[in-house]
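Student: Sharing the record's features from Swiss-Prot:
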TRANSMEM  25-45  transmembrane segment
TRANSMEM  347-367  transmembrane segment
TRANSMEM  369-389  transmembrane segment
TRANSMEM  396-416  transmembrane segment
TRANSMEM  440-460  transmembrane segment
TRANSMEM  472-492  transmembrane segment
TRANSMEM  537-557  transmembrane segment
TRANSMEM  863-883  transmembrane segment
TRANSMEM  888-908  transmembrane segment
TRANSMEM  910-930  transmembrane segment
TRANSMEM  968-988  transmembrane segment
TRANSMEM  998-1018  transmembrane segment
Amino acid sequence: MQVLPPGSTGGPSRLFILRPVATTLLMAAILLAGIIGYRFLPVAALPEVDYPTIQVVTLYPGASPDVMTSAVTAPLERQFGQMSGLKQMSSQSSGGASVVTLQFQLTLPLDVAEQEVQAAINAATNLLPSDLPNPPIYSKVNPADPPIMTLAVTSNAMPMTQVEDMVETRVAQKISQVSGVGLVTLAGGQRPAVRVKLNAQAVAALGLTSETIRTAITGANVNSAKGSLDGPERAVTLSANDQMQSADEYRKLIIAYQNGAPVRLGDVATVEQGAENSWLGAWANQAPAIVMNVQRQPGANIIATADSIRQMLPQLTESLPKSVKVTVLSDRTTNIRASVRDTQFELMLAIALVVMIIYLFLRNIPATIIPGVAVPLSLIGTFAVMVFLDFSINNLTLMALTIATGFVVDDAIVVIENISRYIEKGEKPLAAALKGAGEIGFTIISLTFSLIAVLIPLLFMGDIVGRLFREFAVTLAVAILISAVVSLTLTPMMCARMLSQQSLRKQNRFSRACERMFDRVIASYGRGLAKVLNHPWLTLSVAFATLLLSIMLWIVIPKGFFPVQDNGIIQGTLQAPQSSSYASMAQRQRQVAERILQDPAVQSLTTFVGVDGANPTLNSARLQINLKPLDARDDRVQQVISRLQTAVATIPGVALYLQPTQDLTIDTQVSRTQYQFTLQATTLDALSHWVPKLQNALQSLPQLSEVSSDWQDRGLAAWVNVDRDSASRLGISMADVDNALYNAFGQRLISTIYTQANQYRVVLEHNTASTPGLAALETIRLTSRDGGTVPLSAIARIEQRFAPLSINHLDQFPVTTFSFNVPEGYSLGDAVQAILDTEKTLALPADITTQFQGSTLAFQAALGSTVWLIVAAVVAMYIVLGVLYESFIHPITILSTLPTAGVGALLALIIAGSELDIIAIIGIILLIGIVKKNAIMMIDFALAAEREQGMSPRDAIFQACLLRFRPILMTTLAALLGALPLMLSTGVGAELRRPLGIAMVGGLLVSQVLTLFTTPVIYLLFDRLSLYVKSRFPRHKEEA
């Protein structure tokens, strides 16, 4: 047994140094827990930060936007507006469709929100139109969130109506049942139906009207209870042939008698099997298709949901005929997995680089093995805590672990370097371990808790940004804590067992060359430091200039919100003149699709035309462009978008808006471009007055591009102006007029065909092929009081007017949304400021309000809290350091190093052409924690030298700087190389990781150079200040 010298207690490490078996088993337990935890961690793109969002869709075919607003949307909004926890309510009412999107507070569970929405719908039921084909349908889904998976179903042998029927009953319902799926939509609108197209001339010739025919059809097709017979011995169920199932049966239906002869429906109408809505269509790579979009519930695990769908797809497709082909066009999890894989590779690369730096400095394999064990052990142990906290393996947590490689090795390096110093002086390894670990224990604790203090403000950030970075901050803090434990337990124990004077003194040619190089560097640093200490005011001027420069750079640097990612999917909106019909839009989309599919970066394309819950008007079309994998194309998504827009620009009458899909979705509606700004008024008239003025002003701003609005008030409308007196004299009511028009032109759903598996509709309309346009109104006839028929023209005048194609509300008031992008050379901060300046110039009245939406609103909130976040981090670190040092002065000395980190980070971002977004801001906050460790290591040793060796402050800080130069350089390079893979990242998701790496590498490079000279000067300045205060106020004693 080795005899320990007096005072070699080892501090908190003593027990672990003297009990190597127990220490090894404890570390093995941490390792095992981490490995098991990793297997249970889900994989995601980002932490789950979705707002609880519910979409309520009501379809009322044939209703105008004005009718949808007043009869459907408004009653629902009044009930929804009374719900507690509602953050925002937006609605869009267009021809035949009402979509209300409800976004709740982050703290409200989605299931609770669902219950409140259902109760509100029930309360509004009595106020809704009685002839709604279906009640309002709600889905736990954010409409702005892109589908997690898109499938195209095509067939060369079967009509799309049959294909959709099979897909809906055999595939879509099964996928809807998968845990995590919020909504499955079938774009294409080819739901089977029996279509009855009335021949207006034949109907009029027989003295009939569309209303009498509708009544006849409705009465001829019923499916209701008929009762049963219960005799003394047997019970008999009653049934009848009260249902008609096919177009042929409807064609033979007798609707009236003329002179004793039956008039069948086929005599006055074309009856055929068709689609429920003939103004809907979808195409996959220009082929007619049923496009199935699968959206997840807010908060659901996207990887697990997609995996479940993939597993059941083979079984589901086997139930379809061989002529029906199901193709997965896009799967967002493919890019998510690739991004996570790239980040994992960068994590492993960072570990390798850090270990290489350790070997370069220590030049000793046993000494390198020790931190080489400590780093992965600390990182793997973190997984166990992540499982307990319900975290996931995502880009942010992996970024935290990558950055942590530079942090966690610091503690091990400091311990090893200190113990090695005593062994080289001739101490026995065990004694050196006890003495070195005991001496450095307080420093390790100071480094750990001061670094965690920097992360504390991140945990208290509000709203979605706080939720987003909570996993990042906690993961990093846990890794740092485990690292401190490992460095105070396993590291000194391994040093006592693996290091010796022989191993440390054993050198080869490379080691000797490195040693001579480090000796020359330290000697040069010593000479430079001596000169700096002899000219303190010059150094202080440099430090003060650094502070001013950091403030100036903060002001001028372009500011953004969240990096734009290349996920390989582009969402698009195709816009045409407001009077465009379905047929013209279908033709335009074919032209656009042909141009898009010619691009070498495009892998597949889906397009959709028509009005449904997602597409508001007939003059717009939705597109989803799926790009080839990143390694299979030459350009990033923004270059592809520019190329596609240039290719389509020559097609007359269309405007194409494209934006890349993002993992972080804050918006509540699908927008044409990336950013939104709303203009709201109390009336539509006030809104119509200010929309063109503001739009013209915004379009003139160089900081904005592709400015557009969803305000569409130039749609063509036929106004039927009924002479109520004439109508009353003939016994015709307004309800008769509405019914006649609805029967003719509303694709009215008049009856339901019930089968064992599904329900199908009977659609009534006029055959307008021979009388297109307004001339079709002249064929409308109504039944008068005496039983005769009267043409509509006898009681009404037809006027052509302009009318809105859609009416949008935000929190129950009319609103229009301006969408815009930011051109190259400008930042989101520039665009936001330009819009605010324009708003002031226009001098909007008090009843007109404006507001940024989605990511732009989040950017404003984040920008406003950024300075306070950094101040809070500095204050938290000052409090922790003040408690640890029992001093008001020394924490200020340590914190004086922070401006150097800010200057380096901001300069690096500007040189790299990167914006100061929230990812880069997190990097700057982390730099606050990293850079101050240099000062801590210097000041700890200087105070110890003053206290234990009686040195003067100047000699103490000079010696501390030289003694700690090597570990400072080592730990800084380790942190720098830990961030370097992020800065040089080029794979999937690199846009997210690169700003963090740039900020940290730049900050570390500049701060490493400056703090080695400014810290000792500021230390001596505050020491003299402390002596001055004590001399002036002798009763005031401050322990420094």
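Any Cβ shown, glycine's included, is placed from N, Cα and C.
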Student: If I count Cβ-Cβ pairs under 8 A between the transmembrane segment (396-416) and each of 440-460, 472-492, 537-557, 863-883, 888-908, which range comes out on top?
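Tutor: Per the Cβ count, the answer is 472-492.
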Student: Select the range from 369-389, 440-460, 537-557, 968-988 that forms the most Cβ-Cβ pairs under 8 Å with the transmembrane segment (472-492).
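Tutor: Most contacts with the transmembrane segment (472-492): 369-389.
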Student: Which range wins on Cβ pairs under 8 Å with the transmembrane segment (998-1018): 347-367, 440-460, 863-883, 888-908, 968-988?
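Tutor: Top-ranked stretch among 347-367, 440-460, 863-883, 888-908, 968-988: 888-908.
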Student: Select the range from 369-389, 440-460, 910-930 that forms the most Cβ-Cβ pairs under 8 Å with the transmembrane segment (863-883).
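Tutor: Out of the listed stretches, 440-460 contacts the transmembrane segment (863-883) most.
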Student: If contact means at least 3 Cβ pairs within less than 8 Å, sequence distance 6 or more, would you call the transmembrane segment (537-557) and the transmembrane segment (910-930) in contact?
Tutor: yes
Student: Please give the sequence-distant neighbours of the transmembrane segment (25-45): residues at least 6 beyond its ends with Cβ less than 8 Å from one of its Cβ atoms.
Tutor: 301-304, 332, 336-337, 339-340, 377, 379-388, 391-395, 482, 486, 489-490, 663, 989
